[in-house]
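A.B. asks: Questions regarding the structure given below will be posed in turn.
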Amino acid sequence: MSLSLQTIDLHCGGEPARIVTAGLPPIPGPTMLSKRTYFMSNLDYIRKILLLEPRGYPCQNADFIVDSCSTDCVYGVIVAEQNKVYPSMSGHNCICVATALVESGMVEMEYPFTTFKLDFPAGPVDIKCECENGKVLSVTLTNVPSFIRPADTSLLITVPSLPLPVPCSVAFGGMFYCIVNASELNIILKPENGRIITQIGERVKVACKEQHPVNHPSFDYPGCDILVFYSDFVKTNEGGTVSNTVVMSNNKLESPCGTGTCALLAYFHGKGEIKVGGKLRNRSIVGSEFIGEIVEEGVDIDGVEGIRATIKGRAWITQYCRVVRDESDPFQEGFKVGDIW
């Protein structure tokens, strides 16, 4: 059947997001988790249409704007990525969604700050947009609780083709991240090393998921589903700075990553490197930066102790468009070709 989706495309720190604001079929469910499950089970073809060729490409993400399940949230958001990954929360996607909603008028812009809440499968997220002259200059989000459990630290993962086990930890920041110090593998985080970073990162992530499976204590969300390499951590008066790159399941790496920043904050908090009130300036492989701050510690997540963090970044609209699928189109759900996938 034919399909027509109204979308707004943005990028945040170099990472793209395609926000679907109209054209979706009904998505039932009393909670955002149940809406996410329904979408994954019944509407995944829409994700494929938006993210695969010829309408998408390996780096693209999708965000579906739906009715909120919480009365204090203006909209609900279902996030979708390549390889049928549906994060419970995504920082860069959240910043893109907030920017799109405010700059398009779906949320009324107020000066100097526009504040509201968005409903994600992981829970409500507080949004604060700094606004000037019709533009969103920055978005600060207060994320769902992040955590790292003692049992998920100081792991040694055996990876095919690598001579020694890889030291890593697994932390949750909205997605479950396998956290690896790049120096342990003699990897330098710079764009020209992108191919080796993604190849090794994907192998480590898959091995970690197989050898050390994890799940969220409050809802069914298995992991790990993503990997972050970090390097050059330096303690500062405000907290610390670090360089990082995130390896997704389709071998992409761009922005500093919002939930990745929260996972790193939980990781460094667990090591005693950053305390409550401390900030982490997280630089990506392409030079963009997110600022994360621990605003609360000792958060109880069904028996697991976590932190709550804010993330500050900025997104830019790149296009307004309508994505269509014609009934006669031979590529109803798109395709992948091995040269770039």
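Note: Cβ is positioned from N, Cα and C throughout, glycine not excepted.
Note that TrEMBL annotation is computational and uncurated.
So TrEMBL lists these for the protein:
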- Ser90: active site, proton acceptor (ACT_SITE)
- Cys257: active site, proton donor (ACT_SITE)
A.B. asks: What's the CA-CA gap between the residue listed as 'active site, proton donor' and the residue listed as 'active site, proton acceptor' in angstrom, rounded?
C.D. replies: 8
A.B. asks: Using a 10 Å radius around its CB, how many other CB atoms surround Cys257 (active site, proton donor)?
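C.D. replies: Summing over all protein chains shown, Cys257 (active site, proton donor) has 32 other Cβ atoms within 10 Å.
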